Every structure is written in structure tokens, then in C-alpha cells.
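Q: There's a structure below that I have some questions on.
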Amino acid sequence: MEKQIKKELNQAGLRVQDLIIVGVSGGADSVALLLSLYRLGCLVEAAHCNFSLRPGDCEEDEVFVQKLCQDLDIPIRHITFDTTSYAQKHGISIEMSARKLRYTWFEELMQSRQASALALAHHRDDNIETLLLNLTAGTGLRGLTAMRTWSKQRIFRPLLHFSRKEIEEYLSDIDQDYRIDKSNTDTTYKRNFVRHRLIPLLKEINPSVEKAIDRTIDNLQGVEDIFEEQLSESVIRFYREGKISMEEVLSSASVPTFLFELLRPAHFSRVMIRDIYQRLSNSSGAVYDSPTHRLVRSTNSLHIYPLASLLDQHDVKEILIPINNTEQGECLFPHNKDLKLCWRIVDRQMFGASLRLPLNMALFDYNKLGQLSLRLKQAGEKIYPFGMKGSKKISKLLIDCKYPLQERDMDLLCSDNTPIWVPGLVADRRFGVDANTKCCLLCSISKTTNEE
């Protein structure tokens, strides 16, 4: 098993000195993944989530993982979620709630630790279950290709071609124990229903159904690769030239699919793309906006414009951020089209006792905020930095931090026109998280890319 994982590491371009965050629940799969990477000499840190779903067992899982990491001298980070409350608040299932909570935390952990990859212990049986779940829910080609060993989000899954039985045999060979999640037998969870009820029925048709579906996933992933390769020329040309002819769109073998692949990089939703398709034949002059782009339908073409260029054309002074209407979103800085602001409303409990974040991120008490906006710094404005008594002029702060003169006219994040964050530098403590905070707004800045 370790030999195959080493091969997967090489194919993913991961070196032993690259930091890998490993999701570790304490179960056989994640323990095997952590041990195999550790034994291969990789630089690893463990990340453990307590979802508060199995009182007593969850705490024992956490103790087990902490002891395992302590014995191996592996750094560990852990977090506790109120998964049930989160599911009720957002009207989603417990499974979806746990997924959203852990992946959001993993993403933030990856950023703060500057990790090269997130390693997760999904195996062949998980992948088969994912395909069957997607199939029953209705899906496209991507849903049928299930999970890949390496994803664009830098998620590394080297166990996808190993069965649960093979993983348990590996742990037995190295004399390593693990925790057993009793909830894995509860068929009220969809995945467990597929595992314990549906797959045994399929085995009555074909006793080797797992291997057959695994081969099918490999075949479909190859088809998806060819499909994307064939489309890539049109997509790249569309964003490079800013337009595509209606003739090319309408002559494609499947217009809805072609439109989806064309507009997905510009963050148009599936619902919006469906609406665009339905209006293609009689909507000359129609305009559609995504969070990052504008699509305009002319008589003979579809035109795409980055919203940054529209801001330049119309001399926009300020962008209002609709945190009262949307849980998350992003927008370009009005006076620096190379930067974008991303925001997300999150529960306070998603963060442990330490609230230290990288400089490109800031956390605010949601209930202390008014109308948020991005606008240029104004003369004489002050901010109240953490760890400092009183206030400080933002201009003086930028000078002290040796900001070049040409970079001091910058956009600030404001609440009711009061500066609350000099992005990438300092946040205002008056709007920060305290002991009474229940709901937070997490903001981050990043460079825009031209990958599309």
C-alpha cells in the first residue's frame, strides 16, 4: 500500500518537504492514511473534527487521535462543531452540514498553514457510494466521475483504489489499532443506506460489482478529460477575445452543456445559465451579471466582460457588499482590479480559542456591522487596531508599515462608511469578535487570476 501511495505522491507532484494537512477522524481509513504518509517521511499535520453527534464517542475519538499524534510527534489541530444546530439553521441534512463545516475549516487551515495539500482518506468503497448517491440525485458527467486522486483544490486522495478491507489488513500488518464509528451502521444516513442496503443487492447481480464500478469510474474520468480538452480551445478563446459567435454556440452538439462549460469559469450559476439558454433565440441586447463577469447577447455574438473593466468605464467610487442578503460572495476592488474580496458568514464555533489569522483574512462580529462597502481611503481617517490603545491615522499606519507612496491610495472595507479593515494590514478592534459573539463575517483578499 505504501508503495502505491508513494507513486500517487509523485504523480501529484508532492515532495516529502511539502506540508500536507491530513484529515484524521480516528477511523481505520484516516489512521492508515496518516501512518502511511508518516512512514514515507512526508511532512504532515493532523486535523481532527468533533461534530458533537455521538456524545462520549466523539470525545473518545478526539483523545485517541491526540494520543496517536503525540506518540508519533505529529502536530495536530482540532475543532468542535455544533453540527445539529448548523443543519437546523441552514435547513440542510446532518451529512451536508458536517461536510460544509469540515471543508470550510480545512480550507481555512490550508491557507493559514500554507499547506501544499489536504490529504483525505476516501477509498474505493467511498467513491462507489458517491457515484451511486450522485446517480440517484440526478447528475452530469462530473457527478459520475466521482472523486479523483488529485483535484484542482489541492485535495489528495491516495486511497481511492484500495478497498476498506485492504486498508484494515494494512493496519493489522503494522499492528495499529483504530476507532470504530458506531454510526456507520445507521442506515438513516444516505451513504450508510447505500453501503449496507443497496450495494449488497447489486452484488446479487454481480459479486464483483465494486471492481466493475471502479473500472467504470476510471473510464468516465478518461471521457471527462477528453471532453474538457475538446472544449478548452473554445473556452480559452472566448475569454481571450471576449466574445464567441452565436453560430458556434448554436452548432454545438449540446447547446446547454456547451453554455455551461463556457460560462462556468465566470461564476454563472446553473440556474442563470439555464435562463440564458432559454432566451438565446430572442434576447438580443440582454445582459446577465455573475459575481465577476457580465455577459451581453448581441445579434450575432455573446460578449463577456470582467466586472473590473466595467468599473473603470463607469468610474465607480464605491461597492456595496450585500451581507444581509447573501451568506457568501466576492467582488473586485473598485480601484485595484488585481484584487478581490471574498466574504462568508460563519458560526463563531468554527474557530477555536485562537483567532489568529493570516494578514489577508479578517474576522468580524456580524451583529456589530452595518452596511458594508469598499471605497477609497479618505484624508484624516482613523482606525482602532488590535493591541493598541486608542486610534491611529490610517495614513500614518501606512507610512509606519513602509507602504510605497503609490500604494497608499487604497480601498478600505467600511461599515456605515466607517473604516473597519485596511485589507492585508489591520482590522478595527471595535468590530472584532468577543465573548458574546455568535455569528461572524470572515473576509479575505486574494489576487485575481487570468486562468479563464
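Even glycines carry a Cβ here, placed using N, Cα and C.
All TrEMBL annotations are machine predictions without curation.
From a predicted model like this one, the values you see are computed outputs, not experimental measurements.
Pulled these from TrEMBL:
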- SER25, GLY26, GLY27, ALA28, ASP29, SER30: ATP binding site (BINDING)
- 372-443: domain 'Lysidine-tRNA(Ile) synthetase C-terminal' (DOMAIN)
Q: Excluding SER25, GLY26, GLY27, ALA28, ASP29, SER30, please set out which residues of the same chain place their CB within 8 Å of the center of the CB atoms of the ATP site, keeping sequence order.
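A: My list of surrounding residues reads VAL24, VAL31, ALA32, ALA121, TYR178, ARG179, ASP181.
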Q: Only counting partners 6 or more residues apart, tell me which same-chain residues put their Cβ under 8 Å from the Cβ of GLY26 (ATP binding site).
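A: Result: HIS48, ASP61, GLU62, PHE64, VAL65, LEU68, TYR178, ARG179.
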Q: How does the domain 'Lysidine-tRNA(Ile) synthetase C-terminal' (372-443) divide up by DSSP, counting helix, then strand, then coil residues?
A: 13 helix, 28 strand, 31 coil
Q: May I ask you to report the DSSP-based helix, strand or coil state of GLY26 (ATP binding site)?
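A: Looking at the DSSP assignment, GLY26 (ATP binding site) belongs to neither helix nor strand, so coil.
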Q: The domain 'Lysidine-tRNA(Ile) synthetase C-terminal' (372-443): mean pLDDT?
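A: Mean pLDDT, the domain 'Lysidine-tRNA(Ile) synthetase C-terminal' (372-443): 88.
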